[in-house]
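> Quick one: the structure is below, and I'll ask about it shortly.
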Amino acid sequence: MSDISVEKLTELEAAAELERLARAIAHHDELYHAKDRPEISDAAYDALKRRNEAIEAHFPALVRDDSPSRRVGAAPALATFAPVVHARPMLSLDNAFSDEDVRDFVGSVYRFLGQLPDDSIAFTAEPKIDGLSMSIRYENGILVSGATRGDGTTGENVTANIRTIAEIPNRLPAGAPAVVEVRGEVYMAKSDFLTLNAQMEAEGKQTYVNPRNTAAGSLRQLDAKVTASRKLRFFAYAWGEMSDMPADTQLGMVEVFRQWGFPVNPLMKRFNSVDGLLAHYRAIGMERPTLDYDIDGVVYKVDRLDLQTRLGFRSRSPRWAIAHKFPAEQALTILRGIDIQVGRTGALTPVARLEPITVGGVVVTNATLHNEDYIKGIGQKGEPIREGRDIRIGDSVIVQRAGDVIPQIVDVVLEEGKKRGEPYQFPHVCPACGSHAVREEGEAVRRCTGGLICPAQAVERIRHFVSRNAFDIEGLGEKQVEFFFNAEDPALCIRSPADIFTLKKRQENSLTKLQNIEGFGATSVKKLYDAIDARREIALHRFLFGLGIRHVGEVNAKRLARAYLSYAAFEKAALEAVPPKEGDRTDKGSEAWQDMLAVEGIGSIVAEAVVDFYGEPHNREVLAALLAEVTPLDEEARVATGSPVEGKTVVFTGSLERMSRDEAKAMAERHGAKTAGSVSKKTDLVVAGPGAGSKLAKATELGIEVINEDDWFKLVGED
């Protein structure tokens, strides 16, 4: 997960991170829901989901079809249990992590219903059980099936195993509706978990990690006798398909479940105020250590079922419920060292090496230290944190399993009379490649400037270099780039952009032939070589974009190409541009610097990134090798087109049927227009295809002209 704030991500960086997050979250969903083998904590998973949602909110045009925000859980594992399609989807809940989040949730309920706070809508509050979600179906009072949640739409048929859980009735009392689906959580009591582990240890077998995983694994045993021996339990709290509703409130339905013989949680209560909900949350939190079952928060639900119906659902969660998660757990240990990791974007991230400590049932040896200011005791806005205490090797530190993929150090405990180590000096040189590491003004992160040579960034940089809007080399996808990068044979390896263009020649002089390697063949290799050769001449803006200079995305690459017209002119400007001396108000910087700032849309942040990139000798060496193989074509000078859209800002939305989105952007730019990804007051024209949604609504609201795709072709004279 990137450490760059969402607001500072470029569109390219955002798209790349959304792709990585989609893969990571899908991977962890499968491990958690389908294989019962989670690799990360719930808090770490929640952090990935929050990061994904934050990026999507900031870049709505980049929301993917496979976005985790549109998905619940994971599809059931194959070839184990028969699939069951839920009559009503089993959705997940949105999360709240603070009192303010809860107040926002309650406020959103009132606003949606058009009611005032003094109308006193009642909410229920109950512990969020850390187990396995289950749907149990009864027809004419007889238990006919039990299914896991799966991906929310399709679960697994575990009926035989459900029947072994003593707390789940096989029959409902007379008078129950003809069709009943009772939903709840299967879990293992802490005491039963300890007994089971003691038994496994006595038998010389491997013990289990935690009650949740054990319950999930026990329920998905192919032999129901194994499930029966595990003493699984159940809490009922919801329902699916019902032929008749026996109550009109959430609390009333749970009481009906109790009367039918299902266990229900005794800590569930009803409140008419946010303060009541939060007080109960804290009370349950205090009682949490004494409970014989694991919980990870408190769930709030609108009590009246008619209001639940009016509130309805979002794509993956109800509007009438939310899960208020408990804060992370903490422990005290010793900081033994600090290592610096270099991320794919060149960010230098300090990682604490700790004396091993158990936090929340997991042994922790590493923790994130975020950035150099965090080590110094300085917050994101320059304010003191931890009362200004810095972090030093040898300190006693408080470790928390929180919202990061790895735990974090949240405080330092200073011991009176104990001599501390020296203040930590954050490196100004990349430990991976030796290039300068710079920190931009206003940034918390220090970054390596050796983008084209740094091994920590190389794979990501090459992927970017061959991507569609850069060199667009067909046959060099993600897997192929990793294969060539990891190849040890000099005739195969691709470690820098220039290596791509020398691959064919190296292969001709080698006994190791690419076409003989699994996954390749004579035809595919020829196509790859042809695709590479086709890019030996490349448009200047594509060349600049492909270099991966920070802040030089597709738009800025085009701006620079149009301003300098040739690569030679751009390179000369980049090498001669000298920023003004810090603190010297009379210094305006070199003439080349001032010229670069005069380019429309290019400010000091972009210009500094260009200067830093070309100021790194390693990058210039890699560029020299690349330019020996590739020729950036001069950009044609922009002339007035006389087009009716010249100088206007155009937004394309919906499904385009006569052209791709990239073709649409290129056509607009060919006619002198600028394209944007979102609608604002600066937008002049919206071209809307079928399925246009929020952008079309925004354009209508702002009174912006909207035309269809056919009208667009007529307008620009290309019909």
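Placed from the backbone N, Cα and C atoms, the Cβ positions cover glycine too.
Feature list, courtesy of Swiss-Prot:
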ACT_SITE  Lys128  active site, N6-AMP-lysine intermediate
BINDING   Asp42, Ala43, Ala44, Tyr45, Asp46, Ser92, Leu93, Glu126, Arg149, Glu185, Lys301, Lys325  NAD(+) binding site
BINDING   Cys430, Cys433, Cys448, Cys454  Zn(2+) binding site
DOMAIN    640-719  domain 'BRCT'
> If you compare CA-to-CA distances from Leu93 (NAD(+) binding site) to each of the recorded positions Lys128, Cys430, Cys433, Cys448, Cys454, which comes out shortest?
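Nearest listed residue in space: Lys128.
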> Across all chains shown, how many C-beta atoms besides its own are within 10 angstroms of the C-beta of Lys301 (NAD(+) binding site)?
22
> Using the structure shown, find which entry in Leu93, Cys430, Cys433, Cys454 (the binding-site residues) has the sparsest Cβ neighbourhood within 10 Å.
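Each of the binding-site residues Leu93, Cys430, Cys433, Cys454 was scored; lowest Cβ tally within 10 Å is Leu93.
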> Out of Asp46, Lys128, Arg149, Lys301, which of these recorded positions is nearest Cys433 (Zn(2+) binding site) by C-alpha distance?
Asp46
> Determine, using Cα-Cα distances only, which of these recorded positions is closest to Lys301 (NAD(+) binding site): Lys128, Cys430, Cys454.
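Checked the recorded positions Lys128, Cys430, Cys454; minimum Cα distance to Lys301 (NAD(+) binding site) goes to Lys128.
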> Give me the sequence-ordered set of same-chain residues, not including Cys430, Cys433, Cys448, Cys454, with a C-beta within 8 angstroms of the centroid of the Zn(2+) site's C-beta atoms.
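Output for this site, in sequence order: Val342, Gly346, Pro431, Ala432, Gly434, Ser435, Ala437, Thr449, Gly450, Gly451, Ile453, Pro455, Ala456, Gln457, His618.
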> Compared by Cα position, which of the recorded positions Asp46, Lys128, Arg149 is the closest one to Cys430 (Zn(2+) binding site)?
Asp46
> Write out how many residues of the domain 'BRCT' (640-719) are helix, how many strand and how many coil, based on DSSP.
26 helix, 14 strand, 40 coil
> Looking at the recorded positions Lys128, Cys448, Cys454, which has the shortest Cα distance to Asp46 (NAD(+) binding site)?
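Nearest in space to Asp46 (NAD(+) binding site), counting only the recorded positions, is Lys128.
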> How many whole Å apart are the CA atoms of the residue listed as 'active site, N6-AMP-lysine intermediate' and Arg149 (NAD(+) binding site)?
16
> Determine the Cβ neighbour count for the residue listed as 'active site, N6-AMP-lysine intermediate': the number of other Cβ atoms within 10 Å of its Cβ.
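The residue listed as 'active site, N6-AMP-lysine intermediate' is surrounded by 22 other Cβ atoms within 10 Å.
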> What is the interatomic distance between the Cα atoms of Cys454 (Zn(2+) binding site) and Arg149 (NAD(+) binding site), given in whole Å?
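Computed Cα spacing between Cys454 (Zn(2+) binding site) and Arg149 (NAD(+) binding site) is 44 Å.
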